[in-house]
Amino acid sequence: MPEPGPDAAGTASAQPQPPPPPPPAPKESPFSIKNLLNGDHHRPPPKPQPPPRTLFAPASAAAAAAAAAAAAAKGALEGAAGFALSQVGDLAFPRFEIPAQRFALPAHYLERSPAWWYPYTLTPAGGHLPRPEASEKALLRDSSPASGTDRDSPEPLLKADPDHKELDSKSPDEIILEESDSEESKKEGEAAPGAAGASVGAAAATPGAEDWKKGAESPEKKPACRKKKTRTVFSRSQVFQLESTFDMKRYLSSSERAGLAASLHLTETQVKIWFQNRRNKWKRQLAAELEAANLSHAAAQRIVRVPILYHENSAAEGAAAAAAGAPVPVSQPLLTFPHPVYYSHPVVSSVPLLRPV
């Protein structure tokens, strides 16, 4: 067998060596994108859940089979979805307890009695009166363990609040009168200590009398509270004496006024007021007389005398009649003025209107 020569050894060394094996792949992190996207495949299978507890034992084998089928379906859903449905039941949710009595009121019950379930009702006076007593009674009535027939019957409504019905049936005038009576009783109680108990009782009967009086007091009542002026009636002898004194003196001194009041059995204030009124009347009379005189003088100044003139064609008519042979009457002027006529108005001064022909 021939030995390999040096050329064969050189060719063997010139051949490339095989590549080294690749390094092992790094261990995948559980937080890699692939694991996050396909996390359901690496999740361990869920543990079998015990069957749900039932409040009542199944009555028959069919009920037991139905419960087993429901448990199997629940396990299948948990395996497919990747989470346990029982964990949802362990979450704590807030409980909302709504009393059923607020939603169980029949419709006709609310329609027949709007006064007890609504704390503010319209009164005939036009204002809103709070009804705390009515609302409290309504709550007590709702909370009481009454049967359905008692709740639906309208008889408790008719007997519930007779006081409120009486208050609603009264007119605003009656309410105002009652309040004014209570205010008067309060004033009497303050004035007389012996009647303090009665006034306190009347005030307690109407606690909102003061507030009502502020709102219901009308402007028509205010003028009635003013003191009416008294009118003094003088006798004929007193008027005659006062008139004679006024003719002599328009103004009296304090001593003269005191003496006249003593002689006529009057007060000085009455005499003073009579003289003031008499002077005002006298001034009005003077003003009226002066105005009448001015009007008469102005009317007299405006009068203008207008003479009646003859017609200008009287001469032509006379000539025509003479040509016809008829006797011609001599026409005379209707009015003749020996002196020229002047205006009596002061603006027009000495303007002659007509001179004799």
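Note that Cβ sites are derived from N, Cα and C of the backbone, with glycine treated the same way.
According to Swiss-Prot, the protein carries these features:
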DNA_BIND  227-286  DNA-binding region
COMPBIAS  16-27  compositional bias 'Pro residues'
COMPBIAS  130-140  compositional bias 'Basic and acidic residues'
COMPBIAS  149-173  compositional bias 'Basic and acidic residues'
COMPBIAS  191-209  compositional bias 'Low complexity'
COMPBIAS  210-223  compositional bias 'Basic and acidic residues'
MOD_RES   Ser153  phosphoserine
MOD_RES   Ser180  phosphoserine
REGION    1-58  region 'Disordered'
REGION    129-229  region 'Disordered'
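As a whole-number mean, the pLDDT of the DNA-binding region (227-286) in this prediction is 91.
Look at the DNA-binding region (227-286): DSSP puts its residues at 43 helix, 0 strand, 17 coil.
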